[in-house]
Amino acid sequence: MGRAYSTIAFDPAKCDGCGDCMTACAQAKTGTDDIARSRIQIYGRDGAADKTFELALCRQCADPKCVTVCPAGALDKDGTSGVIGWDASKCVDCLLCTVGCAYAGIALDEGTGHVAKCDTCDGNPACVPACPKGALKHITTANIYNEVGDWEDLFAPGLAGCQGCNTELLMRHTLRRVGPDTVLATPPGCVPGMGSVGFNGTTGTKVPVFHPLLTNTAAMLAGIKRQYKRVGRDVQALAIAGDGGASDVGFQSLSGAAERGEQMLFMVVDNEGYMNTGMQRSSCTPYGAWTSTTPVGEATRGKTQDAKNLPLIMVNHRCAYVATASTAYMEDLYDKLDKAIAASKTGFAYLHVYSPCTTGWRFPSNLNMEVARKAVETNFVMLWEYTPQAGLHFTKPVDDPLPVTDYLKAMGRFRHLSPEQVEHIQKKVVENQKFVERMTEHAHVG
Amino acid sequence: MDRAIEHTKYLIAGSSHAALEAINAIRMHDAEGPITVVTRDSYLPYSPTVLPYVVSGKSAPARIFLRDDDFFARNKVSYRPESGLKALHADRNSVELADGSSVVYEKLLLATGASPAIPPIPGIDTVSYHVLRTLDDALKLRGAIAESKQAVVLGAGLVGMHAAENLVKAGASVTIVEMSDQLTSGYFDKVAADMIEQAFRDAGAKIMTGSRVVRLEPSAAGAKLTLENGTTLEADLLLVATGVKPNMGYLNGSGVEHAQGILVDDRMQTTAANVWAAGDCAQARGFFTGTKVMNAILPDATIQGRVAGMAMAGDPGLKDYAGGVPLNTYHFFGRHAISVGSSTVPEGGEMVTRFDEKTGRYLKAIFAPDGCLTGIFGVNEFFDGGVMAQLILRRIDLTPLRERFVANPLAVGREIMSQTWR
Ligand SMILES: Cc1cc2nc3c(=O)[nH]c(=O)nc-3n(C[C@H](O)[C@H](O)[C@H](O)COP(=O)(O)OP(=O)(O)OC[C@H]3O[C@@H](n4cnc5c(N)ncnc54)[C@H](O)[C@@H]3O)c2cc1C
Ligand code: SF4
């Protein structure tokens, strides 16, 4: 299995051209404040009419041209870190590498007369923390791939999901992490719809899987877990349910299992409706959204009630662990999976994953991650975790949220919204944020 | 079947840039198919471009190799040095090698590069002279430079100029003899060439442009040169650097069409089935002319090698070769010059130059009538050759940015490429 690498990402929309990254780099790499010698260069700081900022920085290409054109063997891509390293003792200063690179990732440092390039400061780039706007990020998600890539995929190949749906990703990663000693419950919804329960007498997973009713998932799983315990086998009880199955008719058994502290991990894949049966509304469907049962016409303009906040309700069960997560933030998700698995050994762990639905929400199938990310960046959803000991805290706080319209306009289900409806939603976002913030302040009592 | 004849899927002749890049491209798509590399050289792969630095002593010969034995083992490549191609039988998919053995291939890449072109000066076989193309050449020249008091370099291309600088720095008195009326013609214009010439004169070199050698004969010092105007020069070291010619002697009778080089299409395929060619030995489409040209530079050898490798492996990601763009960087006495693209101003196009006496910064940019950059040249003015080449290849209209671009090609070029990346 190959390796994936970390990378420095630049968001030009957040950059204000202050140049702090360049100063940090120059200091780290040359011991001077001469930003001309920084290996990260921000452009458009003077002269550009439209005040957007651009970047020249080594991309640490997978297939680097600078390396292929170097006549001296002075450049080499490190197979472990992915960083393209420069060996001063071999370099002959011919500058051919600067001819190879299309992005000026390697360039002449007039201070030394040699070429210079970013080496990611051994995986700890000085420029990233120096950026006051968060325009630079060190993306280390590749570590997940490197770590779990070789683990066994416990879902069958070729699941029948909608194009662009992230639930397959979620199922495969979750089962990989949870491992083979698992009993899985998947009540009616997209997850069995995709084939997890299988066809023609074979399951869609390589672990035992069963298909409870919408109403009794948590109860059945609790019984199975107890039986295994009774016979002395340590299995992981895992449910992957939709928001309909969890927040509507399934809620009674879910609440009961949480209240009794049943030892299981209950994951909710929240796509904000009954999507596999034709996109009916659920109690998690947000205000204003079109669904087939909250239609848009002369009389109605989408859903008229606000969504129920199921994860906060679960906090009020004082579960061993409660968290919200998003597939746009996989490291955060993995972190929470680890904690949820650990918590489920002694009590009830609840993980609520926001899962944009390409088909039901009506957005192009290549934009799932983008929509998921926008939900977080606008504070439409918030990523946090809770334990009775530490209380509730944000794991991806968004202090400077984008306007909620950035999220709403990314999909068709909100296309009809009137300005008043948008205003309602924006107000709700602020109210929800304040509400959760207050909980972070006061819930530390334990 | 004759058991002595080796069979291979991919046979690659040559072991330099074009060949190495083809191996990479093949292995991206075909992890297993047997690859055999036959090369005339006796060493592991190295670049001719690094040799001036071997001559100067900057590069240790043992550290210039671009690949090691382990690379070939890991990539399942059988590497056969000292086994140059002697004859190609394209009709039978087989080659004869210098050691008399034969290899049968499914696909063949000719990446045999070029050798110094020796001008037909009367008496040239009666004197001993140096050339610079192989590591052995470089080691010989390195030894000779240490001894030389009085050297003559024939030809003021980049190879000759590099060697001349080395000789000057080693303390020899050096004369550069060049037929055309400026140095580095074909790479740099007269203004840039004059700056280069001045730097050499300041360092004590003698420069004789517009001079043709008509006779060479042995002398007590080593060689005596007679110029067209009757002047004579004595040399204890003579370096012939008057250009290169592709290595393609093995083509005789093979039916593979060739002109100045081996003619190839936009996928580097020759006129023969199962035979490709890339690098300094190939004559491929020029970006500006559309006709087939020689573009004997390292970056183009790698691009062509990659196209050929992908084509040979049947990689569906292959895109046609965009055409060769001339690209040169040149360091001289601590200064640098760079040239990208064509120096011809297209009809209806425009040339912009600026020169700063104080800093010695010189820039010349050429634009086509549609606003696209076609060439850019600088001395002491740093801009990114790779960025400029992309602006040319992608035919980006620079009209709205022209003024800013000419004032600061480095920043504006980087800005544009950053935008295209997102
Ligand atoms: C001194 C010097 C300086 C240079 N400086 C620059 C520079 O600054 N920038 C630049 O862009 N370019 C420069 N070049 C040119 C550059 O080195 C070449 O364009 C490049 O090496 C071409 O690569 P290639 O793979 O096509 O061929 P080559 O590098 O010429 O390699 C040819 C290979 O084929 C082998 N071979 C030859 N004949 C046979 C045969 N019959 N059978 C089997 N194998 C054979 C050789 O042993 C060698 O391995 C320079 C060249 C020289 C000599
Ligand atoms: S400047 Fe140095 S690193 Fe760049 S191509 Fe030349 S030898 Fe290689």
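Heads up, the Cβ atoms here are built off N, Cα and C, so glycines get one too.
Summarising the annotation, TrEMBL assigns domain '4Fe-4S ferredoxin-type' to A:6-35, A:49-80, A:82-111.
Counting residue by residue with DSSP, the domain '4Fe-4S ferredoxin-type' (A:6-35) contains 12 helix, 4 strand, 14 coil. For the domain '4Fe-4S ferredoxin-type' (A:6-35), the residues of the chain that approach it from at least six positions outside its boundaries are 41-42, 44-45, 51-55, 57, 59-60, 82, 109, 111, 116, 118, 120-121, 123, 125-143, judged by C-beta separation under 8 angstroms. Here the domain '4Fe-4S ferredoxin-type' (A:49-80) is broken down by DSSP into helix, strand and coil counts: 5 helix, 6 strand, 21 coil. Here the domain '4Fe-4S ferredoxin-type' (A:82-111) has, by DSSP, the following mix of helix, strand and coil residues: 5 helix, 7 strand, 18 coil.
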